[in-house]
Amino acid sequence: MHSVYTKYTIILILLVIYQGLPTNTQVASRIFGVGSKSSGPLYRQLIDIYSYTYDNAVFIFEDLPIDVILTQVDYIDYVGLDRCISHEYEEIFNLVQFPLAGQAIVMTYNIPELANLDTRIVIDRQTLGKIWTGEISKWNHPDIIALNPTLNGTLPDKEIKLGYNDDGNVSISGIVQAALSSFYGNFATEFNNAGQLFANMSFANESRCVNIGPSSRERFDWVKNTTYSLTFVNYADVFNNTNPNISVMNMYNKAGNLVEPSLESVQFAMADFKDEYSNNNFALDVFDAPGNNSWPLSYVNYIVMSKRFFQLDCSRADVVLKFIAWVYTNTAASKALTQNQFYPLDNTLKKVSIDNIYIVKCNNVSVSEQQYLISFGGSTSIVPSWLTAFTSGSIVAKYYSTLSSNSIELLTTHGCDFAVTINGVDQKFYQEIEDLAVMPLAAFSIVPAYNIPEIVGKTLVLDIDVIVKIYLGEITNWNDTKIRNLNPEISNYLPNAIINVVVQNIESDINQIFTKFLSQESEIFSQEIGQTYNPDLSLFNSSVIFVDDIDGLGDELIDNKYSFGFWTDFGVRLLSRVQTVQMASLKINDDIIEPNYDTLKNAISSESNQIARSTNSNVWPITSMISIVYPETTMKNKDKAVAIAEFMYWTQYDPLAINSANNKGYYLASSDPQLRSVVLDLLKNFKFEDESVSSYANCIYQGSICSNFGTCIESACICNSSRTGTYCEKIITDSENNTLIIILATVIPIACIFGLLLLTLLIVIIFLLKHRNTTNNDWEIDFSELEIGETLGTGGYGEVYKSIWKGTEVAVKLISSKHVSKDMERSFFEEVKIMTSLRHPNVVLFMAASTKSPNMCIVMEFMSLGSLYDLLGNELIPEIPYALKIKMAYQASKGMHFLHSSGIVHRDLKSLNLLLDSKWNVKVSDFGLTKVKSELDKKKTNDNIIGTIHWIAPEILNDSTEVDYILADVYSFGIILWELLTREQPYKGMTPAAIAVSVIRDGMRPPISDEAVTAHSIEYIDLIKQCWHSDTIIRPTFLEIMTRLSNILGDSSNMTSGTSSSSLSSGGIGKSITDSKSSNSRSSVESSNTSNTFRGIDRHNSHPTGEVTVAFIDIISASKLWEYDPDGMCESTKMYNEIIRRVTKKYGGYESFISKDRNSGEGSFCLVFSDAIQAINSCEEMQLQLLNANWPKKILQHPAAAEEFDRTDQLIFRGLRVRMALHCGSVKISQDPMTRKYQYSGSTVNITGKITTLTHGGQIIVSENLYQKVNNDFTFITVGKIDIPDYPSKMTLYEIKFEILKNRFFGGITYVNYNDDTDSGTADDSNYDSGKIIDIDYMADIDKEDSFLTSANMCRWIINYDEISIGKQIGLGSYGIVFNGKWKGVDVAVKKFVKQKLSETQLLEFRAEMAFLSELKHSNIVTFIGACIKKPNICIVTEYMRMGNLRDVLKNPDIKITFANKLKLLYGAAMGIDYLHSSNPMIVHRDIKPANILVDEHFNVKIADFGFARIKEDNTTMTRCGTPCWTAPEVIRGEKYCEKADVFSFGVVMWEVLTGKEPFAECNFMKVSLDILEGGRPIIPSDCPHEFAKLIKKCWHAKAHKRPTMTEVVQQLMLITEQFDHKV
């Protein structure tokens, strides 16, 4: 019966697939899949990780019992099965199945007696079969004791409680049943007799046996709760078990060996069947595999889908195939699977599996157009780097390191597309593959490497004899006489230290190469050790360090002082500490040979020309050639053959490939004439079905391209002028020239006639084009074509505006044109011409430009999510998944690699210049225009001549003469990687000068905490440190950065996915995986545009939908409190915000996102709840917590926050008065693309807001709608009826009365109580109908300011930006741009901050400081009028000073200032600074300089730009900063400082006013900083009055405590003025 059921089940499943796929897809690909409950966690994990890669689809997966899968007919794109289907069913239903991942089934038991024993029960196949037939029913059965003698007496005399399940043949239950049948003949017989059902077997009738759930997780839960139980589960479910009673059995396999479940044992089981797999037979099980190391209960999960179907749109199937290929090729997928005990296919099976992708056809055309190249080969750094760089949208290449001979073996069985060898090819392979071809690619040296700290930077010389004796243990110390004799110049430095020999303790090509070399050179070595892949040195040497990692020998050399071993030249170069591990020279025949490029080149040249090495004394003796091995004429797939040929040519001739090889120390085959001919001839002979596959084949002739006298274009030679012929092989002779003359004499007259006609036509066309206002430069536009919108940002060279061009949103960067010359216009034109030709997915697209002053601008694509800097600092995004961080870093490095490959260096790389589009793709911006920027810098003063210090490399800060700007960009990228790691600002709290000095002098870098190291991979931390290393040689290129980031979290083409559990501890994928495992319902992973990017973020954003309850929370009289006590109100608002959010979270509410034109945390909240009762309960608790909060004392002294008691002395009011209103209904929901926060809008929200404006502080009002839902749960008092917009009739409002706050009374309203004689109660419908509710003027007793929400914005110093008429730009500072303007008819100066995205805390502190500054009044400080607080127009408004700043006045040749007037100017400035220092609290200016001392038309001076220290610091991070000419040394050192820092600055200002010159003119940033630290000061003129000079010196004294106070400076200036007047 069961066999019939099983067959019927399989057929129905196949019908599901067969019927489900051939349906028309929707506009967006929606991928539906189902699978067994046991495979559910596997698919959820893969989908979660993959969704980071493919963002144009929606993956929906359900894990179901096998029979329930049948109900999903209309949806299925694929089915996930625990077991293969037969070849018969494949053919009948036109299906293809892909093995996805292996798993181990384990027998899991619960035995309390074994809880404290570190051992597992061991079982063999037959004994396990007996347990499942019932022949063995007790744990202490003799057969079990025999296999576990150490547990004799411990195993209990208890019945084995068996948990079984019959879920069908293609489930995990079916696999166990089949495996047991294979293990034990009696089980097979009884099982078949029972209709192939556990339930019908004899043991199932016993009370100890239970039929439990179909999923592995259900069975595991049963075991946990049942002592002495046994069942079968996936190892993935039990792997992390912490219950000491629970364990799993180890087993003897078919080969009789004891094995345990693991990645290796399952992969061994899969590999046992690789011959069948290679023959394209996937319809097989892997349990009870015959191999020595195979786990007997292994199985493979399969994806099954149709391979022939017809659809209008085939994209959905393409997505499924891309997903499958990604599982095979993505490193991150493999890592994540392994960590959760799902085992990726053995690498040798992946190529065979992936080739099945091409048999899936839609409309008789192969669905997949992408080529996947799978290759194996020797361990080498260049091939993976090449493949990473070569990978494109149509080609994905994957390389696996193994022995060279193993890779060629795989090629013979079609286990890879091509092999790579680094030690040649054994002759046997030429017999197995008759057309085997071997193409040389690049050579490298193998070198004796050592770690001897005492001789770092010096050269060590060894010879063969010494090296052999080191390996044989005859020389054990570095100061051995033989080594000293070879190194007389450094013999005194050689340490008395034991030589630690490092060798690979595994089979490796490097072992084979160096032992072969030593065996050839030394008969003793040949006899004792000989040529071998794994030398055993333990017999000869007691100081050996064995390495099990094929790439790990270099790491051991680094970690162990006085170590030695043969390693690759490129391996030494890749080590992070190159100075520590060095390469020894070799003495051969009295010649000392260094391991370098020249000796490698000579070695390869000698070999290729068959010259004996002995004839050339400068030849490195031990080298290896990397060669690609492939079938020359019998490739099975033409497209793959074409891709491989393209890769071959690319490695030899592409500049990117050449640079990569050269940087890593390789010698390219194409660099040698003989080898170049070999390469090209092999490329020409590479064929598929007798047709050459290389696009260059038709140009290759006698080992050259176009005989070296032409260029190959579109598979044909274009010859130089002196050559002709198909291959440019013929030289043009004189006779040919004569013939040519005759032909030309005939043709030219005819051609001239046609030429005249064409010229006329051309003139007409040019005329028409000219009148159509077009140019040859299609990127050139007229500025009038742009609709300029809001400001997006400001930089050192102009402003960026959001604009519209041709109906498209764009970003327009308007170049500052104040100093633009004609030469700059020309440079701008030429540079923009280059920039617009650049196209890369990770570089911001230059779309157009206007190149004429005064409107020079660049039009770029609009990046809607802003900068990476903004993202990392956005407090509304609580977590960013680690995988997403790596993805963003990878994309940025890819963009930078493209720029560097295009000959462009950035010079200002920082997180602010990495922008994100709507799909969260990172793109590099603000590069290029080097000449224009340089010219603009020359026009500026030394107050603004350097970029953002935080990201600048030390060699640039130090003004080094030879700067490699490519590596300087890498340094900047290191800081960006740190920002991604920590989400903090680099060097927070430090001034630019302090940063620069610390970076150069002290080698300071941003700190990496232990927590960060723990939470992220060590590879990522190492990459950061290498990028920002002070030694530029250590810094990697961006190509290497790409490769390393790719290795951290997957391939560059599929940059996605998970990492270790520790790496994900901060959230993201790891949590998503955990969550999905516990879910048995539908898992939907939406990959459209943005949602996938936030798998780790969205889980925090559970939001109410449908009909909801909206609550508005608002502080009344906030403006009065802000004006009364700004600091107290700042702290109170923070406290209030924290209380509201904490209680909201407790009751399941959601804080609606604030629209872009409003700021959060200003006093009003819009909260949304799914449950109305919870909403009201939260309001009650908020009121109680607000009543008992620890408010600032001064705030409580104001009537709007004072304590109030009722008649019984019960406290009813204290602190902020907060009103609350609630209403329910449907809402509109939108989502912010960056924060993923939801914003609620619509009439329900509007009505709630209106009700709130009618509510008193401390009162809670609900709408009629909400009242009708909850009137039986709370006590209400009816307030009255009011007219509400968006509501069809008058609405009745109700006040909620809570017992503890029932005596709160709100004047001005007549309450109608419907509980007769009681003081409180619940209104009911009968009373409502009685007509007692009265209309009221509810506003009668509410202050005018409280008739609006967020009354904090009604403070007198908060200005509406729309009321300001902005004029021209009049200044540009380190943190903002200054415009003149008019406000209410008054001339004002408007300083707009560069950083418009302030955090909630920053905005509150900004408000407090505004309130404080608005109270300052002095004739020598600029009057603060107010501020605008809504982005994108956050700014401060001050009085306008017509004469500009003191610097402008000093530089104006038309203004002659006498010394007396200079004293007057300085006296006024000193008075202003002294006033700031005397205020309470004291204001330290921090930036005293002439640019911040303004002058009016009457020559009165006023200090400007004081206050807002925190915002200035944040804005300075975003902008280019000036030199520290006026900065005190303690500030430069990064020490704590006081108001005396302003005194120092004023001393420099005094000198500047005295001389009219700029301090430290022509000095760069670093020189100024160091000069100030070392006591350097501007030279005081000899004719300076003595007392004045004395005061200057006192002011700029190096020690702060020896400087005068500003009060003393004022007094001294007054005395000097009096003395001068007296003399005059």
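Backbone N, Cα and C atoms are what each Cβ position is placed from, and that goes for glycine too.
Owing to the predicted nature of the structure, the values given are computational and were not obtained by experimental measurement.
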Going by Swiss-Prot, point out which residue in Asn245, Asn958 is annotated as N-linked glycosylation site.
Asn245
Which candidate in Asn541, Asn1246 appears in Swiss-Prot with the annotation N-linked glycosylation site?
Asn541
List every residue in the same chain as Asn720 (N-linked glycosylation site), at least 6 positions away in sequence, whose Cβ is under 8 Å from its Cβ.
Phe709, Gly710, Cys728
Would you kindly give the Cα-Cα distance separating Leu792 (ATP binding site) and Asn364 (N-linked glycosylation site), rounded to the nearest Å?
51
The one of Asp908, Asp1487 whose CB sees the fewest other CB atoms within 10 Å, among these active-site residues:
Asp908
Closest of Leu792, Asp908, Leu1372 to Asn479 (N-linked glycosylation site), Cα positions, recorded positions only:
Asp908
Asn200 (N-linked glycosylation site): secondary structure state under DSSP, collapsed to three categories:
helix
Pairwise Cα distance for Asn225 (N-linked glycosylation site)/Leu1372 (ATP binding site) [Å, integer]:
72
Within 10 Å of each Cβ, count the other Cβ atoms and name the one among the glycosylation sites Asn152, Asn225, Asn240, Asn292, Asn541 with the highest count.
Asn541
DSSP-derived structure type at Asn205 (N-linked glycosylation site), helix or strand or else coil:
helix
Which number gives the other C-beta atoms within 10 angstroms of the C-beta of Leu1372 (ATP binding site), all protein chains shown included?
22
Does anything in the same chain, at least 6 positions from Leu792 (ATP binding site), have a Cβ under 8 Å from its Cβ, and if so what?
Val800, Tyr801, Lys802, Ala811, Pro1432
Please average pLDDT over the domain 'Protein kinase 2' (1364-1615) for the predicted structure.
85
CB neighbours of Lys813 (ATP binding site) within 10 A?
22
CA-CA, which of the recorded positions Asp908, Leu1372, Val1378, Asp1487 lies nearest Asn200 (N-linked glycosylation site)?
Asp908
Closest of Asn152, Asn205, Asn245, Asp908, Asp1487 to Val1378 (ATP binding site), Cα positions, recorded positions only:
Asp1487
Determine, to the nearest whole angstrom, how far the Cα atom of Asn240 (N-linked glycosylation site) is from the Cα atom of Asp908 (active site, proton acceptor).
47
